[in-house]
Amino acid sequence: MLHYPQIDPVALHLGPIKVHWYGLMYLFGIFAGWYLLRYRAKVKSWAPIKPEQAGDLTFYIALGVILGGRIGYIIFYNLPYYFHNPLQMFFLWDGGMSFHGGFIGVLIAFALYARKLGVNFFDLGEFVAPVVPIGLGAGRIGNFINGELWGKVTDSPIGMIFPTGGPLPRYPSQLFEFFLEGVVLFTVLWLVSIKKRPRYLILGLFMFLYGSARFICEFFRQPDPQYGYIFFNWMTMGQILSIPMIVLGAIILIIVFIRTRKNKCENI
C-alpha cells in the first residue's frame, strides 16, 4: 500500500487570505497555456491569432473554464445541494469543477472570440487543443492534494488511504487521470502537432482520446455519491458525459481520413 502524502491544501497564508494549491494549479495551467499559445502563434504559419493576441485568447479560455466548469459541476453533479446552499457556489477553493462543463464553457468562449476576430471556430480549436492537457493535468494534481475524487476501494499495492475516504485503501484515480489526461494526451497531441498533418486531425484526436481516457479512468474512480451508477450498474455520470466527446471525435477523424484519401484535406 502506498502512503498518501499529507499536504496542506492551503499553500500560503497571506494574512487573512488563504491561497489554496487547487487555485494555484489553475493559475499554473492558465500561465502555461498562455506561454504555449504564444509560442505556437509564433511558429505556426496557419495560426488564427498573432502572438500578441495569446493573452486575450487565454483570458477567454480561462473565463470559459472557470464559469463553465463550476456551472457544469453544479448542474451535472450536485444541483440539489447548491440549490439549498447557494453561497457555496462561489467557494471554488473547496473543489467542485466539471471538465465537461468547462469544455462547454470553452466552446462558448471560442465562438465569442472567433466572432470578435473574424476567424474560423474550428481553426481556433485545432490551434488550442494541444495545450489543453497541461491544464487538465494540473487540475488533477489539485484534486489529489485536496484529497478529493479518490478511487474505489482496492487491495492493490498501489492503494492509498485518503483522509476523507474512510479506513480502506483506494485507487489514487486522480493520478491515473493526471497521467492519461495530462501527460499522455499532451505528449501525443504535441508530437503530432509539430508535424505536417491534415487540418482538424488534432481537434478530432483531442476529443476522442480525452473522452476515451476519462471513460477508462471512471472504472477506477468512486462514483459520485449523489448519483452512484446510472446505467447497467457500472456506468457513471462522467462516462455518460464522455460518450458524446468520443463519438464526435471519431466523426471528425473519419471525415479527416476520408477527405485525406480524396486529397481534399489541407495539410498544415
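Yeah, the Cβs are placed from backbone N, Cα and C, and that goes for glycine too.
Feature list (source: Swiss-Prot):
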| type | residues | note |
| --- | --- | --- |
| TRANSMEM | 17-37 | transmembrane segment |
| TRANSMEM | 57-77 | transmembrane segment |
| TRANSMEM | 90-110 | transmembrane segment |
| TRANSMEM | 117-137 | transmembrane segment |
| TRANSMEM | 174-194 | transmembrane segment |
| TRANSMEM | 200-220 | transmembrane segment |
| TRANSMEM | 238-258 | transmembrane segment |
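The stretch from 17-37, 90-110, 174-194, 200-220 that makes the most Cβ contacts under 8 Å with the transmembrane segment (117-137) is 174-194. Only residues 6 or more beyond the boundaries of the transmembrane segment (57-77), in the same chain, are considered here, and those with a CB under 8 A from a CB of the stretch are 26, 30, 33-34, 37, 49, 89, 92, 96-110, 112-113, 124, 128, 135, 224, 226-227, 237, 241. Same-chain residues lying 6+ beyond the ends of the transmembrane segment (238-258) with a Cβ under 8 Å from its Cβ atoms: 76, 98, 100, 103, 198-201, 203-212, 214-215, 218, 221, 230-231, 265. Ranked by Cβ pairs under 8 Å to the transmembrane segment (200-220), the stretches 17-37, 90-110, 174-194 are led by 174-194. Same-chain neighbours of the transmembrane segment (174-194): 40, 129-130, 133-134, 136-138, 140-141, 143-144, 148-151, 201-202, 205-206, 209-210, 213-214, 216-217, 220-221, counting only residues six or more beyond its ends whose CB sits under 8 Å from a CB of the stretch.
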